[in-house]
Amino acid sequence: MSKIVSINAYEVLDSRGNPTVKVELTTEKAYAEALVPSGASTGSKEALELRDKGTKYEKNWFGGKGVQTAVDNVNEIIFPALKGKDVTKQFEIDKLMIELDGTETKSKLGANAILAVSLAVAKAAANEANVPLYAYLAKLDNRQAYKLPVPMLNVINGGEHASNTIDFQEFMIMPLGAKTFKEAMQIANFVFHTLAKLLKEAGHGTQVGDEGGFAPNLHTHEETLDFLVNAIKKAGYNPATSGDNAVAICLDTASSELYCSESKTYTFKKFKKALDEKRPGFEKYASMKYKFTSDEYVEYYGNLIAKYPIISIEDSHDENDWEGFRKMKKLYGNRVQLVGDDLIVTNPKYIKMAIEKDAINASLIKINQIGSLWETIEAIKMTQAANMVPVISHRSGETEDTFIADLAVAFNTGEIKTGSLSRTDRIAKYNRLLKIEQELGNKAKYEGRASFSNLK
């Protein structure tokens, strides 16, 4: 047993230049630090990220986005409650913080306050045991950590993550034909830089969005997908969902951002705006449909799935459009991974609901959506018990913290979504996974297409 001696929280900046919480935790024998991320496209049921708007700290940072209130809660409420506690009692500590908060969404202390401490506790315990973080996390659930996740690399950004004309939020590639994680990174490297070359040749910019993917002003989703397919081919790989040299495509459409609850329709808002403003090049797409009912949206996805090597779609419908998700699962669930994000917000309560409604076959796991390591692990376990895949995910406002890389390996989740091959806040996670693969040596396993245990 080693007791918690000190916890010090303070404000630092995330990848968007907004404040976030950093915690430094010291025990009798070890030290650790943790930083928490922040999302832009968020589900309404997420645990609350406490910001300073409406408090005495409101003017400290732009838009009242400071987190000094959360920092104070760590230093003045959480630390006194945890001082002297055994750092290896992860779940007991997490439950105590949740009880201290006493609200369903952690709105009193802030999910950002609780999570920062929760992660620091795990890191300190691992450091004290002198074992890698992934090995320590695996032992929390009596597991053996060996599986490197297949990365979903967000190479084109749109939606809330970029100031461009693309409505779907993320266009990703998955190196399914690789034999190791390092080879997956090599494949991604070739495709990413080939895509940059193709975009430049077509007269598009290669500026990047929040998650490091390119953010060109393309006209349609189909045009965007065509660029991806061509980049995969020209890089020397096969745009396919299985087989040798296969590189598949994944989408995060973030459809809650496109939904109107009054009309119950989905609208490609950026596309419509470009048409209304008569932006050059959009006139030839004037007759293209951009507004859909839920059923029409399902059909639209079907056309994309038939034409392109799409293996995964996240948030295909609005977080409250359960019927839309159910229809997607019924029609395409055997051959396409259908991931719930805003639908379930890493919350076991909503994951259970999604399982009962047969709405998805994969859960996106974001540690700050639920706000503690214990609850995150419960979400992963519930997902895997239902033969669904837990996809470990970053947020658009990230930090240099690499906790999620270790988490993916610890629970053999098989998939990770942590941005493109640019921006250090994204690359840090990939570099950590490369290090883990090296440490595991012959024990390391990269499953590629077989990671989709939820598909036939």
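Note that Cβ sites are derived from N, Cα and C of the backbone, with glycine treated the same way.
Annotated (2R)-2-phosphoglycerate-binding residues in Swiss-Prot are Gln169, Lys366, Arg395, Ser396, and among Lys147, Lys349, Lys417 the one listed with them is Lys417.
Just one of Asp226, Asp276, Asp341 is listed by Swiss-Prot for the same Mg(2+) site as Asp252, Glu314, and that one is Asp341. Checking each of the binding-site residues Gln169, Glu314, Lys366, Ser396 against Glu211 (active site, proton donor) by C-alpha distance, the shortest gap belongs to Ser396. When the binding-site residues Lys366, Arg395, Lys417 are compared by the number of other C-beta atoms lying within 10 angstroms of their own C-beta, Lys366 comes out lowest. For the pair formed by Gln169 ((2R)-2-phosphoglycerate binding site) and Asp341 (Mg(2+) binding site), distance between Cα atoms is given as 13 Å, rounded to the nearest Å. Asp341 (Mg(2+) binding site) has a Cβ environment of 29 other Cβ atoms inside 10 Å.
Note on proximity: among Asp252, Glu314, Asp341, the binding-site residues of the record, the Cα nearest Lys366 ((2R)-2-phosphoglycerate binding site) is that of Asp341.
Closest by Cα distance to Glu314 (Mg(2+) binding site), from the binding-site residues Arg395, Ser396, Lys417, is Lys417. Its own atom aside, the Cβ of Gln169 ((2R)-2-phosphoglycerate binding site) has 28 Cβ atoms within 10 angstroms in the protein chains shown.
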